């Protein structure tokens with residue numbers, strides 16, 4: 001065999017991600033945040049918190065989707081009164097989101113919430129209340145998130161900078177953190193959110209360089225599902241690849257479950273969380289001899305919740321089809337109204353197009369049974385869905 005030297009130097013294999021930023025670690029209701037702990041995914045309920053049943057139902061849906069920590073709004077006394085039962089019955093840690101009224105901070109702490117988010121920009125006389133808040137939080141072991149938002153920046157900071165710049169967000173956050181530190185309270189995480197992902201990225205870079213508190217990433221008011229997903233993926237991708245970020249919330253004008261799906265997907269794509277279901281599909285073209293869109297959707301739907309990691313290739317034409325299918329645990333290379341079914345690189349049968357999805361699902365179940373019997377994966381890995389590649 002002839003060896004061709006292209007003159008490209010060998011580069012030692014290493015992660016394309018920077019090492020995680022070293023940060024303090026806090027405990028949010030049993031979920032560790034910072035200090036090298038896995039990056040957690042958060043969301044926020046859209047129900048009236050006072051409607052306990054509706055709120056707990058939505059929290060259950062978020063939990064099933066993979067949410068690690070949930071936040072609930074608390075704008076009224078009725079909402080505050082609902083916090084004890086919600087905090088007690090929720091399957092995941094509950095954080096109370098407090099604006100305007102400092103009395104609800106104390107109510108949330110007393111209710112047993114796993115954490116409290118405070119917005120120093122709009123809580124009345126917040127600076128004067130820090131000593132009491134710090135003492136109450138310390139007494140109950142309740143971490144506090146200092147959540148600075150571009151849309152509700154402290155008026156004093158806004159007057160100084162003229163607009164919510166990255167520097168303004170960071171100054172506000174660090175100032176409030178310093179007030180807690182004066183009272184020997186350090187069980188803190190910080191967020192500096194902005195609707196512009198590039199301003200947000202700059203703010204978190206500045207913040208990460210000046211403090212070791214764990215950081216909660218978020219693009220505030222990111223927009224509808226598509227736009228918000230793009231903004232969050234760009235911002236989170238940049239920061240997480242630089243090792244910045246300890247917990248994330250994708251803010252979308254969409255059902256909260258979608259926020260969780262996007263957040264988990266971002267972490268999976270960066271290799272920061274084990275992959276589950278991943279649809280990698282071609283945009284289709286004139287070479288496609290099957291309905292790739294329909295096939296991809298049916299395979300994805302059929303394999304939701306698959307209990308083991310599995311790579312499945314669903315190929316729409318003969319250009320890359322056979323090669324990709326052979327590289328997968330399970331796959332199909334389609335053409336001329338039929339599909340060759342591959343299992344672990346070997347063709348096992350050819351089926352009509354109408355039977356492709358059914359056959360793939362049957363083979364996936366058979367592989368799952370083999371994996372279960374062999375004990376290839378522990379209980380902690382026996383969740384989620386397979387990796388599906390569609391071409």
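These residue numbers are counts, starting from 1, taken along the chain as shown.
Cβ atoms are placed via backbone N, Cα and C, with glycine included.
Positions annotated as [4Fe-4S] cluster binding site by Swiss-Prot, on the basis of sequence analysis: 282, 285, 317, 324.
Ranking the binding-site residues 285, 317 by the number of CB atoms within 10 A of their own CB puts 317 at the top. Every protein chain shown contributes to the tally, and the Cβ of residue 324 ([4Fe-4S] cluster binding site) ends up with 22 other Cβ atoms within 10 Å.
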